[in-house]
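These come from TrEMBL:
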- C14-C44: disulfide bond (DISULFID)
- C24-C34: disulfide bond (DISULFID)
Amino acid sequence: MASGWGITGNKGRCYDFWMDFSECMSRCREPKDCALLREDYFECLHHSKEFQRRNRVYKEEQRQLRAAAQKVKGGGDDGHH
């Protein structure tokens, strides 16, 4: 990452995040001052927040599908007329 070159010979996809974080670390009084920039850099590298969100969306979609299937299976009559 330190060179800034990606696998295709262009600038690496996370290089700008790295530079922001690195500059912050060289100027800050305490490392915690750069926590948000570090978080951005790690998200660029690993996409963990993105994967967590996709998983939550998928689980909600599955829950809604199951609820709709139960409603159809039960005749759609929930007793509220």
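Backbone N, Cα and C atoms are what each Cβ position is placed from, and that goes for glycine too.
The Cβ of C34 (disulfide bond) has 20 neighbouring Cβ atoms from other residues within 10 Å, across all protein chains displayed.
Using a 10 Å Cβ-Cβ cutoff, C14 (disulfide bond) registers 19 neighbours.
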